[in-house]
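The structure appears below as structure tokens.
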Amino acid sequence: MSFIIWTIQLILVPVLSPLVIGVIRKSKARFQNRRGASILQPYNDVWKLMHKDEIISADASWIFRYAPYIMFAVTLVVGASIPLVASFLKNEYTSDILAIVYMLAIGTFFLALAGIDTGSSFGGFGSSREMTISALAEGGFIFSLLTLALISGSTNLFSISAFIAAPNLLSALPIMLAFLGFFIVLLAETSRFPFDNPATHLELTMIHEAMILEYSGKRLALMEWASANKLLIFISLAINLFFPWGIAQNLSLGAVTFGIVVFAVKVSLFCLVIATIESTIAKLRFFRLPDLLIVSFILNVVAIGLII
Amino acid sequence: MLKFFSKILFTPQNVISIHSASRTEKMGVLAVGEKIEQKVKRLFRGSLAIRQVDAGSDNAVEQELVALSNAFYDVERFGIHFVASPKHADMLLVSGPVTRNMAEALRRAYAATPEPKIVVAVGNDAIDGGIYKGSYAILDGVHTVIPVNYQIHGDPPTPLAILQGLLDILEIIDCESVTTANSPAVQE
Amino acid sequence: MLVLIASPTGFIELILFFAVGAIGALCLRKDDKLANVRSSFFAIVGSLWGTIFSVGALFALNTILFSIGTPVFPLLSVSIAIDKLSAFFILVISLVSLFCSIYGFGYVRHFYGKYSIGALGFFYNIFILGMLVVVSASNALFFLIAWESMSVASYFLVVYDRRDPNNISAGSLYLVMTYIGTACIVLAFLMLYKFTGSFDFTIIKTMMGTIPDWIKNVVFVLAVVGFGTKAGIIPFHGWLPSAHPAAPSHVSALMSGVMIKTGIYMMIRLFLDILSPIPEWWGLSLLIIGSISSLLGVLYALTEHDIKRLLAYHSIENIGIILLGLGAALTFTSLGIHSLALLGLVAALFHTLNHATFKSLLFLSSGSVINQMHTRNMEEYGGLIKYMPQTALFFLVGSMAISALPPFNGFFSEWLTFQTLFQGIASLDFYAKWIFVGAAAVLAFTGGLALACFVKVFSATFLARPRSSEVAHAKEAPFSMRFGMGALAVLSLLLGIYSGHISAVLGYVGRDVSIFHDVPALFLSSEAGRLVVGNFSSVSAPVLFALLLVVLVVTWGVVRFFVYKKQEIHTGITWDCGTDLTPRMEITATGFSRSIISIFKSVLKPSMQHAVEYHDAVSRYLPKTRTVTLGVSDMYRLYLYEPINGFVVRLSRYVKRLQNGIINAYMLYMFVVLLVVLFLAVR
């Protein structure tokens, strides 16, 4: 039985992430009074891209060619290490706060290098902006997870999820503050509003898109899939670490099924929240983004101050 | 904020159905160019990525193309979306009579689009120069620069016509029998 | 066998190898090639023996003691005491100098005919010799002799390329600052001598009880200034960014990788071993100093476009991180929580080892790039990955290691440092807790900024299109250089994968420090390759590495071979929107970091000057040339060095008035002094 759980854990993130993107796009379309594509559209996109040829620039090196695989592999490993539907699993090896933060940083590192590798201007400034945002977001990211670790007495993500599932009024306020800080980091790292517009065509406004402008075919499919994975990873962290009610706490069929259902519901709610944010506020000017990230960091420090 | 959300929720949906247009609205699609290979069949049914190339056009066609993404015509519901780079694209939608300055850029955009790809010339200007035909500054149509697979007539074609045309193109791609060059225009 | 290796004889053999290499190189200085062979051979063999010796000393049962008193100077005795801590530092020095010497054998060839290779070999061997004796000396005077020889030898190595005037001024700055540091150290030892009557470390340690607290505090401040100048903590780091780039690359690697660690070694030796018990503010002040050093170090690194200056600033940053671990260890020691203090010490020692490895790797790779490009300016590189693929790969490994990316070694030592700080946040009282929170915040930001900086360095140097015509002439480095770099890269990876075992060994080393002798349970344990801190955190290096590798290979295999097998990949041009892309359209190193510099403008104070030259100066319609000068002001130079400099110069000008050249005045001085001395003698 636990083998089945671990298999679900490994494949859930790559299988579900295009659906998450589809739900967000559909909700945004509804906000704009359109019908929008079906929520399964990103699967079609990935499938189609996998069956196209590629054109690779002559200036690109092996870093450009292998960065999509590295990024996708990193998101798979991180996706398998975070609590998705069950918090009773034991992963003492890779489910550490710092381990997942820095493993995601490997992906960002290679993505930024790949953006510059082809020598196009767009990729260059896309990488510069991405590294600026990422450097400042890392502080808020580590600290929001640290707040939870200090509350639960462990940096293992599964233990944190299990501990916070038991309701405790005293730590409600710090958890809320830490969640707000984490939410800002989520928007920053997954290139959502107000940090970046994932649907823009204007290169001067791109951050994440600019770095993948040179990709085509299979590699583009992997890159888009990897960023969808990253979005689902962050959403799972948000819902399973800060609001882990309903997560499966023991190895029984009922609990696991309930856990899966609750996970699906929570992810959809979160997608609606993201879509609402994307439809109501405007993208911020680039030099106002560090202020927002420092706000996230300060919220986390206040949360830590409340619990120590 | 509340007024904003209530406006979103209570505005009625008014997407135009593709079957409601009258016969005269459907300007028709001309299938020209090489035979599309088998691998294109069914490939673009689910997801078509369009890169729009402005080869010196007078922006009339671009206005209509931009209208395709609005709440009335909503091309996204068919799985068609516009992309930012030719390397991401399956279809090049070219407008404009191809001025001399844009010829090289158009060729590079075509070279940068990975196979399998389709080229559609939209508007009378793109087909043979339109109202600018014979001018010293243009090259009289997209087909003189890059191989064109389909044409959509109109100066400019209405968004509905373009939408109909795109869907017809997808139908043609999906069909068993694919027409070859110099065949009679396929009308619906 | 072990007893034979780990004995005073072993150590003397070690010294002899380097001494013979030095003298031999000097004697053979007429023949460049022979001098190079001779000095490199002995350096390599000596380092190899050093590695064996230190590993033996690590597993020996007791410390290696050796002492010769001299009848003429009773205070000076040539005494060495190699306990596990010294053995560890000897291991670090030997490992790094082994690979740097192998690298240097090929690198030095481009100095043939220009400068004296014999002199280079001589000073190089003396330098390593000095470092080895510094970490094993047990008598303060003997230590100072070794310290001086290390500093002087490194000075001559810094000014080795003497045709460049920048190098000479860098050397002068280095010499002045290192002597200020040495003066503070001498003062500290003199104060200790006054109260204990001896220069011997073991005797001072036993007499610690008789020293009043304020003396210990003064010694602490002097030691921080003195050893901190050598280690390069802000604000005593002014010499580092100029001196490290000036030296030949394998020497820069040694200076940055191990010489600055000797300062850390003495801090550990003094604060944790000799001067105990210690008050809490020592550890907290080291934490604050470490935080400032790491943050400012990485910010200044982001402003640089000279590749070696940038790496030198990163050394300052990493010394800051080591001080974070050390400061935490001191804080816990002062509060009596020895198990957590051992955790902090292990974190500091591990980061010392890791930084030595990846910093030398980075300096060696940049050295081979500079060799081919004849400039240190990153803005003229670009696209080198196609001409120097192996150097690029080794530099990439170094970049990933220094940015703390798993599975390389940098991640695990930063993980340990984080764990120390987290434990402090969880268990200390109010003031200490918030300083630990601040330190953890700084560490988190430093990691992110270092990642941004190394994306900039790697991409500006190796990726995109060449930015100058020199790049087309670049060739891959010769075999010995590649071997040195490759060995260090492999070592980085291995140190990362086996971090569990290594931290167990380091715990064993840390326990050898006398106050930690009876720490009952190690808060840090490692089972099956995992690093486990209490029941708070655990991470497994081998599993992480294996998982990443397997998933990567499987993904690549599946996508490449099972999905759409008939895919064709064509080579085209970069999408340029129809224009021709020139190298000037790529992002530059300066442009890359401009955003971050603008964000931190209150600290870095960037400036931009715009100069326009017109065709007609009167009507000023058509510009002929435009010059934009981007600058960053050095805060420490403005607020610390310049005022002190100005004060010293003004003071000396004032005192100069005494030397007015009039004989009568001098006779008056002599007469007055004679009267005062007579008066004092009679009293």
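Just so you know, glycine gets a Cβ as well, placed from its N, Cα and C.
Under the heading transmembrane segment, TrEMBL lists A:6-24 (among others).
If you look up TrEMBL, you'll see A:66-85 (among others) marked as transmembrane segment. When Cβ-Cβ distances below 8 Å are used as the criterion, the transmembrane segment (A:66-85) is approached by residues 5-6, 8-10, 12-14, 91, 94-95, 99-100, 103-104, 106-107, 110-111, 113-114, 117, 157-158, 161, 215, 218-220, 222-223, 225-226, 229-230, 232-233, 236-237, 240-241, 244, 247-248, 256, 259-260, 263 of the same chain, each at least six residues removed from its ends.
TrEMBL lists A:97-119 (among others) with the feature transmembrane segment.
Sequence annotations record features per position, and here TrEMBL assigns transmembrane segment to A:131-151 (among others).
The annotation transmembrane segment is assigned in TrEMBL to A:157-188 (among others).
Long-range contacts of the transmembrane segment (A:228-247) within its own chain (CB-CB distance under 8 A, at least 6 residues past either end) are made by residues 13-14, 16-18, 20-21, 42, 72, 75-76, 78-79, 82-87, 104, 107, 145, 148, 157, 160-162, 164-165, 167, 175, 178-179, 182-183, 186, 189-190, 192, 258-259, 262-263, 266-267, 270-271. Annotated transmembrane segment per TrEMBL: A:228-247 (among others), in sequence order.
Listed by sequence, the residues of this chain that lie at least six past the ends of the transmembrane segment (A:253-277) yet keep a Cβ under 8 A from its Cβ atoms are 5, 8, 16, 20, 23-24, 27-28, 31, 84-86, 187, 192-193, 232, 235-236, 238-240, 243, 245-247. Under the heading transmembrane segment, TrEMBL lists A:253-277 (among others).
A Cβ distance under 8 Å defines the sequence-distant neighbours of the transmembrane segment (A:289-307), meaning residues of its chain 6+ beyond its ends; these are 132-133, 136-137, 139-140, 143-144, 146-147, 150-151, 171, 173-175, 177-178, 180-182, 184-185, 188, 194-195. The transmembrane segment feature in TrEMBL is assigned to A:289-307 (among others).
Most Cβ pairs under 8 A with the transmembrane segment (A:131-151) among the ranges A:6-24, A:97-119, A:157-188 are made by A:157-188.
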